[in-house]
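K.L.:
Not my notes, these are from Swiss-Prot:
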- 1-74: region 'Disordered' (REGION)
- 21-42: compositional bias 'Low complexity' (COMPBIAS)
- Asn32: N-linked glycosylation site (CARBOHYD)
- 45-61: compositional bias 'Basic and acidic residues' (COMPBIAS)
- Asn74: N-linked glycosylation site (CARBOHYD)
- 87-107: transmembrane segment (TRANSMEM)
- 131-151: transmembrane segment (TRANSMEM)
- 184-204: transmembrane segment (TRANSMEM)
- 211-231: transmembrane segment (TRANSMEM)
- 242-262: transmembrane segment (TRANSMEM)
- 278-298: transmembrane segment (TRANSMEM)
- 311-331: transmembrane segment (TRANSMEM)
- Asn348: N-linked glycosylation site (CARBOHYD)
- 359-379: transmembrane segment (TRANSMEM)
- 389-409: transmembrane segment (TRANSMEM)
- 450-470: transmembrane segment (TRANSMEM)
- 482-502: transmembrane segment (TRANSMEM)
- 552-572: transmembrane segment (TRANSMEM)
Amino acid sequence: MADEKRTSIEEPGTPMSYSTAASPELLSSSNNASALPAYPSSQTKQDKESLSHDQAVRVEPESSTPLTDSVEDNESGAKVKKDLHFWIIFSALMLIAFVAALDMTMISTALPAITANLPPSTIAANWITSAFLLPMVASQPIFGGLSCSIGRKWSINSALVIFLVGSVVCATAKTFLVLVIGRGIQGLGGGGIHSMCEIIMSDLTTLRERGLFFGVIALVFAVAGFAAPVLGGVFSEHSWPWIFWINLPIGAISLVLLIIFLNIRVPLLTGKEKWQKLDLVGNAVLFGSVTAILIAVTEGGIKYRWSAWQIWVPLVVGLLGIMLFLVIEWVPNRIAPKPVFPLDLFRNRTASVAYVQTFVHGVIFYGVIYMVPIYFQAIKDRTPLQSAIWSFPLSAPSFPFAMGAGVLISITGKYKLLIFCGWMLMAAGIGWMTHWHVGTSKFEWAFSQVILGAGLGIMFPITLPPIQAALPASRLESATAAYAFTRTFGAVWGITAATTIFSTQAAKNLRPYYDQLNPLGLSDFTVVAFSEQLRNLPQPIQGVVKGVYADAISDSYWLFVPLAIIGFFTTFGMKELPLPDFIKSEAKLEQKQDVTPALKSSAAHAVVNVKTEVPSTLP
């Protein structure tokens, strides 16, 4: 009816809603003036012009529920309180981030046991890792778009369900092929988990706080980095499928908590805008390009020579595809009107440098974490569990240094000096590790890991705040998704390049001995997976193989030294931007409140959906 408006009151945090008829007088009464601002005063001119006659309009009250103790909302200036609601969401996000990070690196320690328990296959063992990383990288921009289209809750929950399905496939796999497929499904969900955790935390925290909370996230990754080889070693010695079964109870608990408590309202989009946000063409080109590059670097030097067409053709196609992707994203066109990587993300010098440093940090962190257990198993005759314990000096310093860096950013709002310190420690630590050999002493391998771990820990929480400080709030989702993509893309190159250098060098230097080694199971395809079995080789061939492995591992570490130096010098190109103490996000956390039927002022904290007939010409 023209003289009656139908008002739906949605109680945040609950799936049910109810409707009541409200007269125009009630909506405009003085008692409710603060709770329900007169429509359409809360809409911009552009919003008014895009409204349809039936469109539901979300009206946000001027006096909103506080979300944190010490921050002000960037629009209303209201004090925000982090109550139990917030901490439940935060805890659930940290749990699923932990299991996703765990599965990213835990497989490296258990790889020899998995290889020994599955039927022989022509699939290279490092594809178990690559199959996880490829969809993980490609899915992060997609979930960034989904978070705007279907909302934060269903994006993160969808990613979690996909990850758990992949875990079941991996745990029940009886062949290498099925295991690789399961890892691919896991990676698809894992990419969404990583991207959405950072987007949601950016919604709920201020730029100043973000250093602290991302320090906690870094702590989670550091704990996962230490726990992964330990758990991988334990499970590989008893039952390797539990590497994947362990994800189910943790994931199920988190899923229930997020369904109940996570209710973040994002700006309304039309159906067309939602599709545009997904950027299907751009994401398809990116996925194909990353796939081609990963095939080339994974198979190069192992299954085929680097000069073979089977390697350089996909490599060239992948690099050309990346160039095409950038053209699609950066040149205005109808194919990608709302690109996942808009050009303005990289027009700001500070943001661009931070993205480069995020990539380099991902390369070094994941490459080193993957290679260190191989050194201890192959050279020092350690079991998977023992190699994890001997890797503790690398992970242990990451805990306090990540948290310390986050706290310092939160207190001072400064980050450049910390970044300089992080790169210096990383360069010193990895430089020392290039001198590891068969006879390296405990002091040398332990202390060099401590130095590197401190630098890696410092860098975890401090590259995202300058990115978000340099860009407008409207770019938060795309900027954060690009950050997650950049770091994981670095992980792909770090793990793949390190294992490729190691495998190529070891295979090349072992070929003269293959007449003795092939009957024992060592070949170009099994160089990485065979590391645990070196201690079972007869003398003197065991000493020869250990020397070759030690040199190959040292060669892989040399890759990271110039990267750390580059990271240090790029810091001079950053500006020390202020980190304001307000929430820089267009999304809002909805909290459960009591709503009275009379719509008194106590209902000011509710989210009201007003469905009304909108005149064709709005004032």
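Cβ atoms here come from the backbone N, Cα and C positions, even for glycine.
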K.L.:
Relative to the Cβ of Asn348 (N-linked glycosylation site), which residues of the same chain, six or more apart in sequence, are found under 8 Å away?
P.N.:
Ala470, Leu471
K.L.:
Return yes if the transmembrane segment (389-409) and the transmembrane segment (311-331) have at least 3 CB pairs under 8 Å (sequence gap of 6 or more), otherwise no.
P.N.:
no
K.L.:
Between the stretches 184-204, 211-231, 482-502, which wins on the count of C-beta pairs under 8 angstroms to the transmembrane segment (552-572)?
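P.N.:
When the Cβ pairs under 8 Å are tallied, 482-502 comes out ahead.
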K.L.:
Can you name the far-off residues of the same chain, 6+ from the ends of the transmembrane segment (184-204), with a Cβ under 8 Å from a Cβ of it?
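P.N.:
Residues 67, 86, 89-90, 93-94, 96-97, 100, 103-104, 131-144, 146-147, 152, 155-156, 158-167, 169-170, 210, 213-214, 217, 244, 262, 264, 464, 468, 476-477, 480-481, 483-485, 488, 583-585, 587-589.
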K.L.:
Can you check what DSSP calls Asn348 (N-linked glycosylation site), collapsed to helix, strand or coil?
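P.N.:
The three-state answer is coil.
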K.L.:
The transmembrane segment (87-107) vs the transmembrane segment (450-470): three or more C-beta pairs under 8 Å (separation of 6 or more)?
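P.N.:
Contact between the transmembrane segment (87-107) and the transmembrane segment (450-470): absent.
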K.L.:
Below 8 Å between Cβ atoms, which of the listed ranges 211-231, 242-262, 359-379, 450-470 makes the most pairs with the transmembrane segment (482-502)?
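P.N.:
If we count Cβ pairs closer than 8 Å to the transmembrane segment (482-502), 359-379 scores highest.
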K.L.:
Mind checking which residues of the chain, 6+ beyond the ends of the transmembrane segment (359-379), have their Cβ under 8 Å from one of its Cβ atoms?
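P.N.:
Hits for the transmembrane segment (359-379): 104-105, 108-109, 112, 129, 225, 228-229, 386-388, 390-391, 394, 426, 430, 433, 436, 438, 445, 449, 452, 456, 459-460, 463, 486-491, 493-495, 497-499, 502, 528, 531-532, 534, 546, 549-550, 553, 556-557, 559-560, 563-564, 566-567.
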K.L.:
Does the chain bring the transmembrane segment (278-298) near the transmembrane segment (242-262), so that three or more CB pairs sit under 8 Å (pairs 6 or more apart in sequence)?
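P.N.:
Between the transmembrane segment (278-298) and the transmembrane segment (242-262), contact is absent.
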K.L.:
Report, as numbers and ranges, which residues of the same chain sit near the transmembrane segment (311-331): CB under 8 Å and 6 or more residues beyond its ends.
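P.N.:
For the transmembrane segment (311-331), the list is 279, 281-282, 285-286, 288-297, 299-300, 304-305, 339-343.
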